[in-house]
Each structure stands twice: as C-alpha cells, then as structure tokens.
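Novice: Sharing a structure below in structure tokens format, with a few things to ask.
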C-alpha cells in the first residue's frame, strides 16, 4: 500500500519592497538587485506594509533629485521602519545617517554584492533545500513589452555640470556577447522594444579596444556601438538608442535606421548650442558641424526622430547665448526636446564658475525654450496627420481606447499616440495606425483595421 504524499511546509521567505528613483539606468540596477534577491529565495512586496525590508535606490544627479531621494527614504522609514539605501547617494552616507539614523545600511551605486549582503543581514532567508534548485531569472520593473538594456557603466567625460564619473567611475563596457544573450532572452520572453542605455552609449567598447568576441551560434561581434546595434537589430524587436554622445562614428548607425534594422530614433543630449557655454560645460563646441550632420542624417533616413536635452541658466549664459540657442533650435528642428534649469550639484566644477544666472531669469528662459520647442513639435506632428504609422500599444482601456507610441517616441519621456476603436488590442501589440489629428506633443488616430 502506497503511503500518502508527504506535505512539505516551506518557510515563508522575507519580502523585499523597492523604491527606484532617477533614470532608466537606476531602474536596470534595481532590476538586477531584485533578480538576485529573488533567486536567493526572497519574495517581493508591492507595498510598505508587506515588506520585511525596503530598498531605496537613490538618484543624486541634481540637488532636486537628492531631495526627492531623501524624502523617499523618510517616507519608507515612516511607513516601514526597516530601510536600506543604495544608489548614487550612497557616497553621502554620513549626511543620510545624520538625517535618518535608523537606516539599516547604505551602499553606493552598482555595489550589487554589498546591497544584497545588507539585505541578507537584515532579513535572513530561512534555510530551504529548494532555493538552490531555482535558476536565476531576470526580473523586470517595466511592462513586459519593453526593456531597458544597459550596455556599459560609468563615463570618461568630465562635463563641468556633472558628477556621474565621481559616483560611477570611468567607462566599463559589458561584453557584447553577454549583452546579446540578455537581449535574446528578453525578446524570447515577450519584449518588443529594447531601449539601449548607458552613461555614454556611443563610447561603448572603447575600454575593450573594440575587440571582437565570439558568438554562441558562430561568428563574432565587435565591442562597438554600430556592430552591437546591427546584431540587436536582427532580433526582431524595436531597438532604440539613448544617451548618445555626438562622436563622428554615430553617422554609421544612421544607415541601419534607413534599412529598418533599428528604430529611426536618436537621443543625443546636446545640452546647449552657444560655443562659449559649451566650452564652459566642457562639451564639444562645433554647433555648425552638428547642424550639417543632422541634415546628413535626415538625407539618409528622412523618418529619423532626434531627441535632445538642454540646460538653461548655466553660469555665464548671457541673453545673447540663450538667443543663439533658440536660433539654433529653429534650424535644427529637433523632434523631441527636454530642458532643465541649471542647478548647482555638490562636487560639480560648474559651481565655481562666475556669472551665476538669477533664478527668475532661469525661469523666464525655461519658459521661452519650452514654448519654442512646443511650437516646433506641433508643426512636425501636424505634418504626420494622414500618414500611417506603426504604433506599439502601452495600455488599453475599457471603452475601446488605447495608448501607444510611434517609433519617434520613447516611453515616459516623449509623446504618445491615442487610439480610438482599438478594441481587442493588448499591450505590446504593434499595429498600423492612421493618424487623424495632432497637438503639441501627441498624435491621435485609429487602427487601420478599424478604419477600413
């Protein structure tokens, strides 16, 4: 006679809560930390109440971002009480402890082993003979259909307004074969859009001397942005390049966009156009050459969307400098623009520059640049009315509507496409949409199947 099956009661694992702040690069770090903790046997909690420990992954790029991080730490302590701090503000442990003495541990940016060790110390996982049998599987904090793909860490540039190199160090590139393996797994799991990120995507592979690495299925790939983009484009997902520095070799990825191999989208933070301001920022200052290159890119790939960010009110920026920037934007006709008012950041060389711009002048210039770029955007989007565009669906509602993005729009930072008569669509679907209307930032349309 067979014995009845034995009931095995596994111990309940501790649960981890995560607050991830800042840029997509921080989000990828959070995913990596949680992936490791889950493979170690930890559970995840979507709220403070259910968490045994809360991780706060901080951002320290601007003083306003630091204040947001400190507020998040305070909220986590008030709501839960057991908090571990990691990320860019980890270098300011003394200041954090002075304000929040109850913090359990503080680790720095990309100190993955240290933060995982701190979690183990704070909330040990009960012994289980089954945990080691579970393979480590990637955990995502984004919707299933798009994923951020970090290809390197750190930066070799020393822009005067930036402290990222002091936090994250010089450029360290991942092996291209490892990046491609990760991308293949993401696509196999349902990712339809890969957003390539780093501190400086165009410098990828410089520290590896752009050498070639063997691929699992045969052949090889160089550690170089163009070669990596070409291989990623073969996976069948949209491939979107972010944080690109305007090196000459960026020209070589434009034909890949024209061929349809990667998404015709380029995120290049130009930061300014006035040569004196760019010089003070320690950025490239050949703005006329940049305009020539933009024209060349559009000649090769007419549908390319160019996104950029700019800083207004930088120390020493005169009204003449700012007007130069506005005139440059009129010529450049960029598709998507974000702007920031200059903020001093502790440790940044720009803090010591003369010619501080009054706050009221910063606000006035910020309003002017946003009005300028909104008008440019409105005209460019109006020209798309009547066209049919591929749109990736991000969300659907109960009334037959949906929201998605064209190839010209990255998630969260760019515009959206609002659809009517979109019943039956699901997030992640890529559909042809007839554009019916536009405003300053968004498009409005109907799926071609519904329009016919």
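Glycine residues also receive a Cβ, built from the backbone N, Cα and C atoms like all the rest.
As listed in Swiss-Prot for this protein:
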type: DOMAIN; residues: 14-124; note: domain 'MTTase N-terminal'
type: BINDING; residues: 23, 59, 88; note: [4Fe-4S] cluster 1 binding site
type: DOMAIN; residues: 141-379; note: domain 'Radical SAM core'
type: BINDING; residues: 155, 159, 162; note: [4Fe-4S] cluster 2 binding site
type: DOMAIN; residues: 382-449; note: domain 'TRAM'
Novice: For residue 88 ([4Fe-4S] cluster 1 binding site), just give me the three-state DSSP call.
Specialist: helix
Novice: Select the closest residue to residue 59 ([4Fe-4S] cluster 1 binding site) from the following binding-site residues, measuring between CA atoms: 155, 159, 162.
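Specialist: Closest recorded candidate to residue 59 ([4Fe-4S] cluster 1 binding site) by Cα: 162.
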Novice: Please list, for the domain 'TRAM' (382-449), how many residues fall into helix, strand and coil according to DSSP.
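Specialist: Taking the domain 'TRAM' (382-449) as a whole: 3 helix, 31 strand, 34 coil.
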Novice: Report the residues of the chain - excluding 23, 59, 88 - with C-beta within 8 Å of the mean position of the site's C-beta atoms, for the recorded [4Fe-4S] cluster 1 site, in sequence order.
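Specialist: Close Cβ neighbours, site residues excluded: 21, 22, 25, 26, 58, 60, 61, 65, 87.
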Novice: When a 10 Å sphere is centred on the Cβ of residue 59 ([4Fe-4S] cluster 1 binding site), how many other Cβ atoms does it contain?
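Specialist: Other Cβ atoms found within 10 Å: 21.
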Novice: Could you state the whole-number distance in Å separating the C-alpha atoms of residue 159 ([4Fe-4S] cluster 2 binding site) and residue 88 ([4Fe-4S] cluster 1 binding site)?
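Specialist: It is 17 Å, counting Cα to Cα.
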Novice: Go ahead and report the DSSP secondary structure tallies for the domain 'MTTase N-terminal' (14-124): helix first, then strand, then coil.
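Specialist: Summed by class, the stretch gives 56 helix, 21 strand, 34 coil.
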Novice: Rank the binding-site residues 88, 159 by the number of other Cβ atoms within 10 Å of each Cβ and report the first-ranked residue.
Specialist: 88
Novice: Name the secondary structure element type, per DSSP in three states, that contains residue 155 ([4Fe-4S] cluster 2 binding site).
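Specialist: Its secondary structure by DSSP: coil.
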Novice: Could you give the Cα-Cα distance between residue 88 ([4Fe-4S] cluster 1 binding site) and residue 155 ([4Fe-4S] cluster 2 binding site), in whole Å?
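Specialist: For residue 88 ([4Fe-4S] cluster 1 binding site) versus residue 155 ([4Fe-4S] cluster 2 binding site), the Cα atoms are 14 Å apart.
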Novice: Test of understanding: give the count of other CB atoms lying within 10 angstroms of the CB of residue 162 ([4Fe-4S] cluster 2 binding site).
Specialist: 22
Novice: With the cut-off set at 10 Å between Cβ atoms, which of these binding-site residues ends up with the most neighbours? Options: 23, 155.
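Specialist: Highest number of other Cβ atoms within 10 Å: 155.
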Novice: Can you name every residue in this chain, apart from 155, 159, 162, with its Cβ inside 8 Å of the center of the Cβ atoms of the recorded [4Fe-4S] cluster 2 site?
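Specialist: Result: 157, 158, 161, 163, 164, 165, 199.
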Novice: Given residue 162 ([4Fe-4S] cluster 2 binding site) and residue 23 ([4Fe-4S] cluster 1 binding site), what distance in Å do their CA atoms have, once rounded to a whole number?
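Specialist: Cα-Cα distance, residue 162 ([4Fe-4S] cluster 2 binding site) to residue 23 ([4Fe-4S] cluster 1 binding site): 14 Å.
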